[in-house]
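J.: One structure, as C-alpha cells, below. Some questions next.
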Amino acid sequence: MEEGGRDKAPVQPQQSPAAAPGGTDEKPSGKERRDAGDKDKEQELSEEDKQLQDELEMLVERLGEKDTSLYRPALEELRRQIRSSTTSMTSVPKPLKFLRPHYGKLKEIYENMAPGENKRFAADIISVLAMTMSGERECLKYRLVGSQEELASWGHEYVRHLAGEVAKEWQELDDAEKVQREPLLTLVKEIVPYNMAHNAEHEACDLLMEIEQVDMLEKDIDENAYAKVCLYLTSCVNYVPEPENSALLRCALGVFRKFSRFPEALRLALMLNDMELVEDIFTSCKDVVVQKQMAFMLGRHGVFLELSEDVEEYEDLTEIMSNVQLNSNFLALARELDIMEPKVPDDIYKTHLENNRFGGSGSQVDSARMNLASSFVNGFVNAAFGQDKLLTDDGNKWLYKNKDHGMLSAAASLGMILLWDVDGGLTQIDKYLYSSEDYIKSGALLACGIVNSGVRNECDPALALLSDYVLHNSNTMRLGSIFGLGLAYAGSNREDVLTLLLPVMGDSKSSMEVAGVTALACGMIAVGSCNGDVTSTILQTIMEKSETELKDTYARWLPLGLGLNHLGKGEAIEAILAALEVVSEPFRSFANTLVDVCAYAGSGNVLKVQQLLHICSEHFDSKEKEEDKDKKEKKDKDKKEAPADMGAHQGVAVLGIALIAMGEEIGAEMALRTFGHLLRYGEPTLRRAVPLALALISVSNPRLNILDTLSKFSHDADPEVSYNSIFAMGMVGSGTNNARLAAMLRQLAQYHAKDPNNLFMVRLAQGLTHLGKGTLTLCPYHSDRQLMSQVAVAGLLTVLVSFLDVRNIILGKSHYVLYGLVAAMQPRMLVTFDEELRPLPVSVRVGQAVDVVGQAGKPKTITGFQTHTTPVLLAHGERAELATEEFLPVTPILEGFVILRKNPNYDL
C-alpha cells in the first residue's frame with residue numbers, strides 16, 4: 001500500500017486549484033516540482049507523518065471511487081484519525097494539516113454523494129476541516145447539514161470556532177428571519193452547556209451576549225460556575241451600551257437569586273438603582289443573619305427601607321440600616337488602633353520641620369484667615385472622634401478668633417468632630433444655638449445637620465432643630481439651617497423636608513446665595529430620584545431670575561441642584577435640557593452641560609465623554625475674534641463677572657469627563673491623558689478645572705503620577721490653577737496620611753508662606769490628607785469599587801463645582817460649602833461580627849486586589865498580603881480575605897461591617 005501511496009503522491013498538486021482559495025501556495029512546474037517536493041518532504045516529514053499522510057490521501061481517494069460500500073469505513077477512519085490526534089495548543093493537528101489540500105475535493109465528493117447517513121457523516125468531517133480554511137463560514141454550514149452528533153467529540157477548539165461563526169451568522173440575519181435562527185439556537189443550546197462544563201464560562205457568556213440571549217444562561221449554570229459567570233457579566237457591564245448593561249446585571253442578579261446568594265443580588269440591585277427590587281430581595285430572604293448583613297450594606301450605601309413592623313428582628317434591622325452604631329463601631333476601631341488622642345493643627349502642619357529663617361509658616365501673627373484654616377484642619381483631622389483641643393473644651397475662646405463667616409465655619413466644624421454621634425453630639429452643640437452672634441448660631445445649626453449626616457434617627461432631631469430657621473429674617477441663619485438639612489437628609493428623598501425647603505428658593509427675601517444653597521440642599525436630599533417638585537421649583541427659579549442675577553456666581557448651584565436630582569439617570573433629562581433652552585447664554589450652556597454630566601455620572605459612557613471633549617475644544621475660534629476687540633473692555637468684564645465668562649461651561653465639561661469616567665479603570669486612564677493635554681494647551685477656564693477633575697478621578701487614591709502633575713501646577717502662574725491644584729492634592733490623598741504628600745505640602749507651605757490664599761489651600765489640603773487621622777475616605781465607590789454612593793458623589797460635586805470659582809466662593813465668604821465633603825466621608829475599615837453582632841476579632845489577609853475575571857480554576861484574588869486581626873483599615877485598591885477556615889463570611893466582599901458564621905465543617 002505504501003508503494004502505491006508513494007506513486008500517487010505526485011498527483012496531489014493537480015488537486016490544488018480546488019484548494020487554492022484556502023491559501024495553498026503556487027507550485028513550480030513539472031519535474032523540478034517533483035524533485036524539490038521530494039527533497040522537502042524527505043527533510044520535513046518523519047516516517048510516521050509520511051505514513052499518516054499517505055493513509056489520509058488514500059482515504060480521500062476511496063471516497064472518490066464508485067464503490068459506495070467503501071465510504072462508511074473510509075469516513076469512520078478519517079474521523080478516528082482527526083479525533084485521535086492529540087493537539088498541541090500551538091499548532092494545527094497533523095491530520096487536519098495533511099487533509100487541507102483535499103478540502104475542495106472533499107466538498108465535491110460531498111456534493112456528488114447520495115443523500116443519507118454517509119452524506120451527513122461527510123458533512124461532519126468537512127465541518128471540522130473548515131476550521132483550517134479561512135472561508136465563508138463553512139464550518140457552520142456543514143455542521144448544520146451534518147449528522148448532529150455530539151459537539152464535545154470534536155474538541156474544544158472546534159466548539160470555539162463554531163461559536164464564533166454562529167455569532168456572525170446571527171448578526172447577519174434579521175429579526176424577521178426567525179426560521180433561519182432556529183437551527184442556530186439549537187446549536188447554541190449545545191455549545192453553552194459544553195463551555196460551562198469545560199471551564200470556559202466566559203466564552204458561553206460572550207456567545208449569548210453576541211446573540212442577545214443572555215437569559216438562557218440561568219438554566220445551564222451550576223453551583224460551581226455561578227460565581228465566575230456573574231463576575232464576568234458584571235465586569236462586562238462597563239463596556240456595553242444602554243440597555244444591554246442593565247440586561248446583563250439583571251441576568252446576573254437572577255442567577256444569584258437562583259442560588260440564594262442574597263447579598264450579591266442586593267449589590268446588583270443597588271447598581272441598577274432599582275429600589276423596588278432592593279426591597280423585594282431584602283424581604284424575600286428568610287435568614288435573619290443574612291438580612292442583617294444586607295442591612296449593613298444598605299446603611300453603607302445610604303439606602304433606608306421602610307420595613308413593616310412584623311418583620312422578625314425589626315428593631316435590629318432598622319437600627320443597622322440607620323447607621324446608629326456607626327459612631328460607636330468607629331470609635332472601637334480608633335481605640336484598637338490607639339489613635340484616640342485629639343490632635344491640634346500644629347501636629348499636622350509640623351512647622352518645626354520647616355527650616356525657615358524667619359520662623360515657620362505657622363508662626364506669623366494670628367490672622368483670621370489662618371485661624372479659619374485651622375478650624376477646618378481641626379475638624380477634618382478629628383472628624384468623628386468626638387473630642388479635640390480647640391472646640392470641645394472651651395469653644396468660645398476659639399470661635400472669637402474668627403471673623404464673621406469664619407465664625408460660621410468654625411462653629412460648624414464642631415459638627416464634624418462629633419460626626420455620626422447624634423445623641424451625644426447635639427447636646428454639645430446646643431449651647432451655641434443661644435449665642436448672640438448670628439454667624440455662630442448659623443454655624444451651630446449647620447453643625448447639627450452635619451452630625452446627622454448619614455445617620456437616621458426616628459426622632460428626626462435635625463428637622464426639629466433646623467426647620468424654624470429656614471425662613472429666618474437673617475439670610476445668614478437661613479444658610480446654616482438649609483445646608484444643614486441638606487447634609488442631614490442627603491439621599492433620603494424625604495417629602496416633609498423638601499416641602500419645607502422648596503418655598504425658600506422663590507422667597508423674596510432670599511439672596512442669590514440662599515436660593516443657590518437651597519437648590520443644592522434639595523438636590524442632595526433628592527439625589528438620583530428625579531423628584532418632580534424639586535425639578536419644577538428649581539427650573540421655575542432659574543426662569544424667574546434676571547440675566548444679571550444669573551451672572552451671580554451663586555447661580556451655578558441652581559443647575560447643580562437639578563443635576564444632583566437626576567444623578568445617574570441617563571436619558572431622563574431630555575425634558576429638562578429642552579426647558580433650559582429659553583435661558584440666555586452663557587448660563588444656558590453652563591446649566592445644560594452640568595445637568596448632562598450629572599445624569600451620566602459614573603457610567604463610563606464613551607459617547608458622552610466625546611461630546612464633552614468637543615465642548616472643551618470649542619473656544620479657540622471665538623477667542624481669536626475677540627482679541628481684536630478692546631482688550632481693556634475684556635479685562636473689566638473679567639473683573640466684574642468672572643463666572644459669566646463664555647467658557648464657564650467648559651470647566652464643567654472637564655469635571656464631567658472625570659465624573660463619567662471615574663467608574664471604570666480604562667476610561668479613567670484615558671481621561672488622565674486627556675487632562676494632560678488640556679493642562680498644557682487649554683484655555684484658562686479649562687486649566688482651572690483640570691486639577692479638580694484629577695481630584696475627582698482619584699479621590700483618596702494618592703497615585704504618584706497624579707500627585708506629581710498636581711504638584712507641578714501648584715506653582716502655576718495663574719493663581720486659580722495653583723489654588724485648585726493644592727486643594728486637589730488634599731482630595732487625592734484624603735484620609736491616607738500619605739507621607740510623600742505630607743512632605744510635598746510642607747514644602748508648599750514654606751513656598752507660599754507669604755501668600756495667605758495659597759497658604760489657606762495648603763492648610764486645607766494638609767487637613768484632608770490626615771482626614772480622621774487617616775481612617776476615613778472620601779471615595780464614593782465601595783464594595784470592591786462596584787457601587788457608587790450617590791450621596792458621596794453629590795457631596796464631592798458640591799465642593800468641586802464651587803471650586804470652579806474658587807476666588808469668590810471658597811476664598812470669599814462661602815467656605816462653609818466645604819462641609820459638603822461630610823456627605824462623602826466614610827470609615828475605610830473592616831469590622832467583623834458574630835451572628836449576635838458582637839465584635840469578633842479574626843485574622844484576615846489584606847493585600848492588593850487582583851483582577852481574576854475570566855480566569856480558569858480558583859486563582860488568588862489578592863497579592864502581597866499581610867495578615868492582621870480585625871478591625872483593620874483597607875486602603876484604596878486593597879482587598880481582604882479571611883485567613884482562617886473556622887468562620888465563613890455571609891458576604892463575599894469583606895469591607896465595612898461583615899457578619900461571620902461558624903464553619904460547620906471546621907472540626908471535621
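Placement of Cβ uses the backbone N, Cα and C atoms for every residue, glycine included.
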J.: Hey, which of Ser147, Ser322, Ser492 does Swiss-Prot call phosphoserine?
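T.: Record lookup, Swiss-Prot, feature phosphoserine, residue Ser147.
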J.: Looking at Tyr142, Tyr194, Tyr723, which one is marked phosphotyrosine in Swiss-Prot?
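T.: Candidates were Tyr142, Tyr194, Tyr723; Swiss-Prot attaches phosphotyrosine to Tyr194.
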J.: Based on the annotations in Swiss-Prot, which residue of Ser363, Ser536, Ser714 is described as phosphoserine?
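T.: Of Ser363, Ser536, Ser714, Swiss-Prot lists Ser363 as: phosphoserine.
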J.: Quickly, which of Ser29, Ser622 does Swiss-Prot have down as phosphoserine? Just give the residue.
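T.: That would be Ser29, per the phosphoserine annotation in Swiss-Prot.
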J.: Could you give the mean pLDDT over the repeat 'PC 1' (409-442), rounded to a whole number?
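T.: It averages 87.
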J.: Lys551 (N6-acetyllysine) to Tyr194 (phosphotyrosine): how many Å between their Cα atoms?
T.: 65
J.: Tell me which residues of the chain lie with their Cβ under 8 angstroms from that of Tyr194 (phosphotyrosine), as long as they are six or more apart in sequence?
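T.: Correct list: Leu151, Ala152, Val159.
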J.: Which number gives the other C-beta atoms within 10 angstroms of the C-beta of Lys551 (N6-acetyllysine), all protein chains shown included?
T.: 20
J.: With DSSP as the reference, give the number of residues of the repeat 'PC 1' (409-442) in helix, strand and coil.
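T.: Within the repeat 'PC 1' (409-442) the tally stands at 27 helix, 0 strand, 7 coil.
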J.: Which sequence positions outside the repeat 'PC 5' (560-589), separated from its termini by at least 6 residues, show Cβ-Cβ distances below 8 Å to it?
T.: 242, 273, 516, 518-524, 526-531, 534-535, 538-539, 542-543, 547, 550-551, 595-603, 644-646, 648-649, 788, 790, 793-794, 797-798, 801
J.: Under DSSP, the repeat 'PC 6' (692-723) has how many residues in helix, strand and coil?
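T.: Taking each residue of the repeat 'PC 6' (692-723) in turn, the totals are 21 helix, 0 strand, 11 coil.
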J.: Under DSSP, is Lys551 (N6-acetyllysine) helix, strand or coil?
T.: coil
